[in-house]
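Peer 1: Take this structure first; my questions come after.
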Amino acid sequence: MVQLNHKNREEYIYYLLLALKNRDKEKFRKDFLNLHPTDQTEVFRELTKDKRSLVYEYILADELALIFEGLYADEQKIIMEELEDTYAAEMLNDVSADDLVDFLGEVSAQQSQEYLRKMDDIQAQNIKRLLSYKKDTVGSVMTTEYITAKDDETVEQILLRLRAEGLEAETIYYIYVLNQEKRLIGVVSLRELITKDPLTKVHDIMKSNVITLSALTSHRDAVTAIKDYDLLAVPVVDHEKRILGIVTVDDVLDILEEETDEDIEDMSAIRGTVDLEISPITAAKRRLPWLIILLFMGLFTGSIISSFEVTFISFAFLLLFVPMITDMAGNTGIQSLAVVIRGLATGKIRDQQIKQLLFRETLTGMIIGVICSVIAGVIVYLITLSTFYVLTITISLLVTLTFATVIGAIVPLIINRLRIDPAVASGPFITTINDILAILIYFSVATALIAYFS
């Protein structure tokens, strides 16, 4: 198998394209199928529609299925539009259940039904059952392609089944042991099977304390289970311990990637606008709600500044430091926000740790405030030689950075308590709140010090 890298990539792709141009099917199949499916997918992405049409002629449906699984939803939709019905049906039947559910969840209900009608009846019924689960539950990402064994079978019998059925399974590292009522009673690893006597009963070597999940378990809990127990897969069972499917580590990685992308989009208030297939009008509609809210908050900021008109008319030099104060408040708030959202997403921040977190963030904000205010105070004194300006800047920075850090931590915690995704406490939202706070503190301190020095 050839692995593409920065040294051989261009040359290898050149010869693949040359084989397509010359319509050399055997040469293309040999070189293309010699690549890892991930590299096949990357090469496929670079092909034009005409060249993709040739690829459909040159490779089998089950070979295309491996490429299909590695593509994004919008790319998968394009492929489905290009394929003939018979070929598409064969290909869909070979796509792993969890990947197919992900794809069908991205298309309209009508399209989903059309694709399901093309598939084998048994496979289609299985996919429909998986589609019935909510998108954020384990049931929506589990696969039904796994290996089971009866509790009275021997190691030799199971290994023979692995050879016969292993290629169809998502993973063969774990074999799930069922009793006569088909309830899950244990699990045995491939390592244990190949190191035991062939005549050993699986009941004697299985582990009975199996970590399981419910089909209604959240994605976050599934990630935690696989991470905490160092598993490659976790069985999903019903209330009678009958196995429904498994969730594998690659599913968890996909979940983590998707949730990370969503958190980044939420923190930038751009959820749902990253997809390049979305029209400018749709993207604008999705961004506008946050921006309109921020617009009114910005107007409120302006009204706060106008209420201190007497202060900055008398000491116009104060206005020079407004950007610094507001930027520092926004930056520290965003840092604190990121820490809390990440902690909540990974489960590292639990209810009993909230007080500790807030205490730590308060101290962190104070330490940052002291250091930054001292640095700013020295610079301001060198510029102005004025005690008034030095005190105004240092006190304002200290108080502002402390409060901004606490706000960045407490807002997502409150939102999380309301059972809303804390990532919606987006960066622009926190930044605007801290801007208002910073200006209010800055001019309040300045007004108080003007009265004192007068």
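Placed from the backbone N, Cα and C atoms, the Cβ positions cover glycine too.
Sharing the feature lines straight out of TrEMBL:
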type: DOMAIN; residues: 142-205; note: domain 'CBS'
type: DOMAIN; residues: 206-262; note: domain 'CBS'
type: TRANSMEM; residues: 288-306; note: transmembrane segment
type: TRANSMEM; residues: 312-341; note: transmembrane segment
type: TRANSMEM; residues: 362-383; note: transmembrane segment
type: TRANSMEM; residues: 389-415; note: transmembrane segment
type: TRANSMEM; residues: 436-453; note: transmembrane segment
Peer 1: Report, as numbers and ranges, every residue of the chain located at least six residues beyond the transmembrane segment (312-341) whose Cβ falls under 8 Å of a Cβ in that stretch; write 'none' if there are none.
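Peer 2: For the transmembrane segment (312-341), the sequence-distant neighbours (Cβ-Cβ under 8 Å, at least 6 residues beyond its ends) are 263, 267, 305, 349, 357, 361, 364-365, 368, 372, 376, 380, 384, 388-389, 392-393, 396-397, 400-401, 404-409, 411-413, 422-423, 425, 427, 430-431, 433-435, 437-439, 442-443, 446, 450.
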Peer 1: Excluding the flanking five residues on each side, which residues at least 6 beyond the ends of the transmembrane segment (362-383) place their CB within less than 8 Å of a CB in that stretch?
Peer 2: 321, 324, 328, 332, 336, 389-390, 393-395, 397-406
Peer 1: For the domain 'CBS' (206-262), what does DSSP give as the number of helix, strand and coil residues?
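Peer 2: So the domain 'CBS' (206-262) is made up of 24 helix, 16 strand, 17 coil.
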Peer 1: According to DSSP, how is the domain 'CBS' (142-205) divided among helix, strand and coil residues?
Peer 2: 23 helix, 19 strand, 22 coil
